[in-house]
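For reference, the structure discussed in these notes is given below.
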Amino acid sequence: MSQYKTGLLLIHPAVTTTPELVENTKAQAASKKVKFVDQFLINKLNDGSITLENAKYETVHYLTPEAQTDIKFPKKLISVLADSLKPNGSLIGLSDIYKVDALINGFEIINEPDYCWIKMDSSKLNQTVSIPLKKKKTNNTKLQSGSKLPTFKKASSSTSNLPSFKKADHSRQPIVKETDSFKPPSFKMATEPKVYRVVDDLIEDSDDDDFSSDSSKAQYFDQVDTSDDSIEEEELIDEDGSGKSMITMITCGKSKTKKKKACKDCTCGMKEQEGKEINDIRSQQDKVVKFTEDELTEIDFTIDGKKVGGCGSCSLGDAFRCSGCPYLGLPAFKPGQPINLDSISDDL
């Protein structure tokens, strides 16, 4: 049993619906000589209801149905899993989405043969490395081939052929006195540029036409003789219709009467008269309709001599009667036959 590696199996809550996936994972781990000594749900570890021991497991396997590119794992648990692993322990089940968090928590990412994270040994990371310092070589130091290093001499002042420069003589420069009058250059004011206007020929032609039409109208009114006598309004009225009123009132087609409608603020009593007429019409419409004996015989088929009813099918039975027929439920009978309870006692 000691040859098996101790492992921890973390399960996503969605995997609980497929227990065969858990069994297959355990079988694959057993083939690699890994035995899961503990098995927890990831949400239990996330909410703190379960705590892990430090440096207890050699392998931690996270089982989830999510794709590698869609894995959602609490980042705070990466450090918890790192503490629970032994040095050189492996974490399986996460992807490169949390690559930065893995490097921060001391994991080394392995891509081959299987993708996993390996916890690096902290003792090796904290070891100090001594770096030997090289001694300064002298001029007599020889190279590995046996030849000496090249030497360089400092150039002397006598052997240097650098160019020489002389300071300029300020005495030869022109001196400007304050008494000398300085005349600034004169400038002439530029003349305004000429502006040339380009006019379309079509616009000029239209303007000429408008001007000619206006002038022709003015000439026409000048030629009109204003001395002519104006036409009087009375001359426009015919002699036959001069004595008759031109305004007519529309008469009713039925009553042949001419009646004016009452004004909105009527004070002559016409509005009250119209209201009375309207009330009379409404009262006639509200009267209860009463049937005479002759009218009742047309709808009551039980009277002698009346062979049919209102719909003509009441005597045939319920299958032929209307929904509001008063004889619903009674057996079929002959038209004109009196109905009593003795005749239907067998059906009751």
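Using N, Cα and C of the backbone, Cβ positions are placed for all residues, glycine too.
According to Swiss-Prot, the protein has these features:
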type: BINDING; residues: Cys252, Cys263, Cys266, Cys268; note: [2Fe-2S] cluster binding site
type: BINDING; residues: Cys311, Cys314, Cys322, Cys325; note: [4Fe-4S] cluster binding site
type: MOD_RES; residues: Ser206; note: phosphoserine
type: REGION; residues: 1-162; note: region 'N-terminal SAM-like domain'
type: REGION; residues: 137-170; note: region 'Disordered'
type: REGION; residues: 163-242; note: region 'Linker'
type: REGION; residues: 252-268; note: region 'Fe-S binding site A'
type: REGION; residues: 311-325; note: region 'Fe-S binding site B'
type: MOTIF; residues: 322-325; note: motif 'Cx2C motif 2'
**OP:** Across all the protein chains here, work out how many other Cβ atoms are within 10 Å of the Cβ of Cys268 ([2Fe-2S] cluster binding site).
**Re:** 9
Original post:
Rounded to an integer, what is the Cα-Cα distance in Å between Cys263 ([2Fe-2S] cluster binding site) and Cys325 ([4Fe-4S] cluster binding site)?
Top reply: 53
**OP:** Averaged across the region 'N-terminal SAM-like domain' (1-162), what pLDDT does the model get? Just tell me the whole number, please.
**Re:** 80
Original post:
Can you check what DSSP calls Cys266 ([2Fe-2S] cluster binding site), collapsed to helix, strand or coil?
Top reply: coil
